[in-house]
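Enquirer: Grabbed the feature section from TrEMBL, which reads as follows:
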BINDING   His68, His70, His112, Glu114  Fe cation binding site
DOMAIN    36-133  domain 'Pirin N-terminal'
DOMAIN    186-295  domain 'Pirin C-terminal'
Amino acid sequence: MPISEKSSSGNNNNNKRLVVKKLFAKQQHEGFGAVVRRSIGRFELRYFDPFLVLDEFSVSAPSGFPDHPHRGFETVTYMLEGEILHEDCEGHKGVIREGGLQWMTAGKGIVHSEMPSSNANGITHNKGLQLWINLSAKHKLVEPSYQEMESKDIAESEKDGVRVRVIAGEWNGVKSSICTRTPTMYLDFTLSPGSRISQPIPLHWNAFVYVLQGQGHFGDAKSQHLAATSHHLLILGLGGDRLEAWNNSDSGLPLRFILVGGEPIGEPMVQFGPFVMNTQEEIDETIDDFENFTNGFEKARHWKSQAASALGLF
């Protein structure tokens, strides 16, 4: 459900979004030897409609995320450093390289793996973000699909010490070509020392900030504001139409963070690990489908990823 912020203003159109919750993403182990910093999808914040999980992950061969299923939502993988090899039971295979993006709609079902690619080019550290976005009931059982972009194809803009990579949505007239089934904005900001932004956010959308580098202030410079450093998630309250953020750190270092917003779905949500549906009955059906290789999981019966097989994981 949306986390709200009380305001005394009428339509609130001139108000800033304030930070109502701050979380530090601690390290935890996931997959096969991988390390993630999970901020959404943990005990303190199970679900922030429509966002299910946000992981900042770090993997080095031979660790990774071997063969596993999904149903009912989308995964957005954004590489910050290194590269990840992706394979699935439908025969799709590719590499997500540094600065690149994969927007995967799992829909009715997919089994895939995400493992570090060959280290032939000297890559030893592979870091990125993975965001899970819920789908509405009408989209949960669509056919799986992908939108993939190399770093050079992601829309960028730079002005007054602010550099923005537009993953989804738009900034200052620069638009992403990514199509989002659940209306979503995903912006990667880098602010040089002394610079600031005032970024519009649709009034009724839920939104958050995740800090990747440096230290910044978020909120309203004239009233409440909050300082945050790397690995902190900031939940923005409702009641305003924009985020103000600025880099006034005396360290001389840039501030880098993502701003993500989405239209709440407002439907019942039941999650069982990598399966996200609307009812427990649908979750039970999904488990049966996966175990019996039916209704979307047929091609997973005899499939094993090359990367995981090479490591002797199966």
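Glycine is treated like the rest: Cβ placed from N, Cα and C.
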Enquirer: I'd like to know the mean pLDDT over the domain 'Pirin N-terminal' (36-133).
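Expert: Per the prediction, mean pLDDT sits at 90 for the domain 'Pirin N-terminal' (36-133).
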Enquirer: What other residues of the same chain, not counting His68, His70, His112, Glu114, have a CB atom within 8 A of the CB centroid of the Fe cation site?
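Expert: Leaving out the recorded residues gives Phe65, Asp67, Pro69, Thr75, Asp88, Ile110, Val111, Ser113, Pro274.
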Enquirer: Looking at Cβ-Cβ distances, which residues of the chain lie under 8 angstroms from His70 (Fe cation binding site) while being 6 or more apart from it?
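Expert: Met104, Ala106, Gly109, Ile110, Val111, His112, Pro274, Phe275 - these are the non-local Cβ neighbours of His70 (Fe cation binding site), listed in sequence order.
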Enquirer: Let me spell it out: for each of the binding-site residues (His68, His112), count the other Cβ atoms within 10 Å of that residue's Cβ, using every protein chain shown. Which one has the most?
Expert: His112
Enquirer: Other than its own, how many Cβ atoms are within 10 Å of the Cβ belonging to Glu114 (Fe cation binding site)?
Expert: 28
